[in-house]
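What Swiss-Prot says about this one:
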{"type": "MOD_RES", "residues": "THR235", "note": "FMN phosphoryl threonine"}
{"type": "TRANSMEM", "residues": "55-75", "note": "transmembrane segment"}
{"type": "TRANSMEM", "residues": "128-148", "note": "transmembrane segment"}
{"type": "TRANSMEM", "residues": "163-183", "note": "transmembrane segment"}
{"type": "TRANSMEM", "residues": "267-287", "note": "transmembrane segment"}
{"type": "TRANSMEM", "residues": "296-316", "note": "transmembrane segment"}
{"type": "TRANSMEM", "residues": "324-344", "note": "transmembrane segment"}
{"type": "TRANSMEM", "residues": "357-377", "note": "transmembrane segment"}
{"type": "TRANSMEM", "residues": "380-400", "note": "transmembrane segment"}
Amino acid sequence: MLKKFIEDIEHHFEPGGKHEKWFALYEAAATLFYTPGLVTKRSSHVRDSVDLKRIMIMVWFAVFPAMFWGMYNAGGQAIAALNHMYAGDQLATVIAGNWHYWLTEMLGGTIGAEAGVGSMMLLGATYFLPIYATVFIVGGFWEVLFCMVRKHEVNEGFFVTSILFALIVPPTLPLWQAALGITFGVVVAKEIFGGTGRNFLNPALAGRAFLFFAYPAQISGDVVWTAADGFSGATALSQWAHGGSGALINNITGAPITWMDAFIGNIPGSIGEVSTLALMIGAAMIVYMRIASWRIIAGVMIGMIAVSTLFNVIGSDTNPMFNMPWHWHLVLGGFAFGMFFMATDPVSASFTNSGKWWYGILIGAMCVMIRVVNPAYPEGMMLAILFANLFAPLFDHVVIEKNIKRRLARYGK
């Protein structure tokens, strides 16, 4: 019945129809439920029914474990901090002055010390969902606008860009900054260069980089990671950068942060970056379906392990980051998220198999170098991936030229 309705109204959106200019929106909605009706005129090159939309939706689903854990963790961190700082009437006053808090209680949750998993998820959702909705609406507007101007269908890559961007920002990010960031990512880093398939930079990371340099106070520092009014606490990566492994403590309880705490995600940070375990679950899904390249992931790990081990051997009495072992680099900051979901972006990464190895190795090595050597910015994954994006075409060019020369030497005579 739904398919018949879609087919009955299709002629209104085709060239000459009364809704011709809205074809991009119609096509996006129709292909959300059914595969396109287009067929090839000559020998078909289609191997199966999985198209771009299905691939992007699978990536969208793959980040759900990290997204749900991120909402739970953001809410849990905020509730613990609030109950640590306030009590009684003072806590009630704080709740009444923040719409996230009173909305959580209005929906049946609680901000008190007795809060359960549901209340933590609910509070985290009041922070994440508005950011995601803002990013989706604003970014979707630009996507549809460019599609209407260029007269082609809406590219499904924005489904992934929108949720990835929303997951790599702090839960306290102002909504207007989220709108600015995704605007920069979609318009400047993607559409100006031709749209999906033609951008050489990762749009989500480009948008975050714009916010980092334009509004550093809302995207970094000690006050943006825990959604509790009046609370300040550094991320685990910043703690290590300033005091080594001994400085890793829970900002609320003062208890030491263990490797397992960081691996599971019981630490403050960007919404989707805190749980390496949840990220691994999603990554296993897209690697199994061959959407993400295992070569890139392996290359990132090789580069990270090699350079971090080198710094461990060199050592330093003044810079604690020299002594961070590779297994801590893996679980702190945005390394795991970047390795699994950003570095493997098929558009901005290298295409050739050999190029993927070198592309991944460069990312892992650059991430550790930025973390260790840069005194002002302990995180390095974002800049490392954007830097490697610039070199991805060069890697492919070198690999292709080398293959051509080898074949000419073999068969040219």
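Quick reminder: no glycine exception, Cβ is built from N, Cα and C everywhere.
Counted as Cβ pairs under 8 Å, contacts with the transmembrane segment (267-287) are highest for 55-75 among 55-75, 296-316, 324-344, 357-377, 380-400.
Within its own chain, the transmembrane segment (296-316) is flanked in space by residues 283, 287, 322-326, 329-330, 335, 339-340, 343-344, 349-350, 356-369, 372, which lie at least six positions past its ends and keep a Cβ under 8 Å from the stretch. For THR235 (FMN phosphoryl threonine), the Cβ neighbour count at a 10 Å cut-off comes to 26, with all displayed protein chains included.
Listed as Cβ neighbours of the transmembrane segment (163-183) (distance under 8 Å, sequence separation of 6 or more from its ends, same chain) are residues 60, 63, 66-67, 70, 74, 78, 124, 127-128, 130-132, 134-136, 138-139, 142, 203-205, 207-208, 210-211, 214-215, 218-219, 223-225, 227, 270-273, 334, 337, 341-342, 382.
With a cut-off of 8 Å between Cβ atoms, the residues of this chain six or more beyond the transmembrane segment (128-148) that come close are 21-22, 24-25, 28, 67, 70-71, 74, 154-155, 158, 161-163, 165-166, 169, 171, 173, 175, 178-179, 181-183, 185-187, 191, 195, 271.
For the recorded site, the residue listed as 'FMN phosphoryl threonine', the DSSP three-state label reads coil.
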